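*Asks:* Here you go, one structure.
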Ligand code: SAM
């Protein structure tokens, strides 16, 4: 895990021995559980450290310190980017959402085994939470990686974000085109203009992108639409 610390350090992020031990335990659980339930196509520790752990940690280059903040990670799957950010910032108030119950159980197990406090795991659809007053516009940050194209993701994330908060989407090569296509959807959902940062991970020549969208006005009550509609008929 020392290599992970060095990579993170190149992004201005520091990890102590306890945090590295948490990443080692997380990696072991991910590899073990991947034998039983499909969590990730990446099955080699070295690759997990770059393409999952470090990739998730790079969100912090845009968010800044998250201690005391409320962050919801939608479609978290095996915990990305939410759990690495929680390891980096132990006082983050983290909510992990995935509609698949067995993934939610894995997330609960990891949080328990790593001794992470203040982690809520919800086996629920983002569209349902977005219309629930207990979650709607309650978060400083709403994140999503590899969940849906940006027009769709905006409808899942912006309703959960408070005015003054931000959506952060992790995207690949399609980021510039997705941002261009999502302009009307973002505006309709209460978001402001998106800004895009480029991230270069070690040992890969492909750039990754962090798409940051400020929430500037409350989301109209009709959004998000019922489960499945954002993907079926993107705004
Ligand atoms: N974010 C993780 C990552 O980058 O490794 C997981 C990505 S995985 C391809 C997408 C996940 O989003 C799946 O686990 C799926 O169950 C979840 N998902 C998709 N649509 C969702 C929705 N509307 N509400 C909640 N979870 C959703």
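In case you wondered, yes, glycine gets a Cβ from its N, Cα and C as well.
The following feature annotations were taken from TrEMBL:
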type	residues	note
BINDING	75, 80, 126, 127, 145	S-adenosyl-L-methionine binding site
*Asks:* In sequence order, which residues at least six apart in the same chain have a CB under 8 Å from the CB of residue 80 (S-adenosyl-L-methionine binding site)?
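*Replies:* The list for residue 80 (S-adenosyl-L-methionine binding site) reads 52, 55, 56, 73, 145, 146, given in order along the sequence.
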*Asks:* Might you list, by sequence position, any residue in that chain lying six or more from residue 75 (S-adenosyl-L-methionine binding site) with a Cβ less than 8 Å away from its Cβ?
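*Replies:* Long-range Cβ contacts: 97, 98, 99, 126, 144, 145, 146, 147, 148, 156.
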*Asks:* Let me know the largest Cα to Cα distance in Å among the S-adenosyl-L-methionine-binding residues 75, 80, 126, 127, 145, as an integer.
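*Replies:* 19 Å is the greatest Cα spacing among the residues binding S-adenosyl-L-methionine.
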*Asks:* Reduced to three states, what secondary structure does DSSP give residue 75 (S-adenosyl-L-methionine binding site)?
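*Replies:* In the DSSP reduction, residue 75 (S-adenosyl-L-methionine binding site) maps to coil.
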*Asks:* I want to check the contact list for residue 127 (S-adenosyl-L-methionine binding site): same chain, sequence separation of six or more, C-beta distance under 8 angstroms. What comes out?
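*Replies:* Residue 127 (S-adenosyl-L-methionine binding site) has long-range Cβ partners 155, 156, 224, 225, 226, 227, 228, 229, 230.
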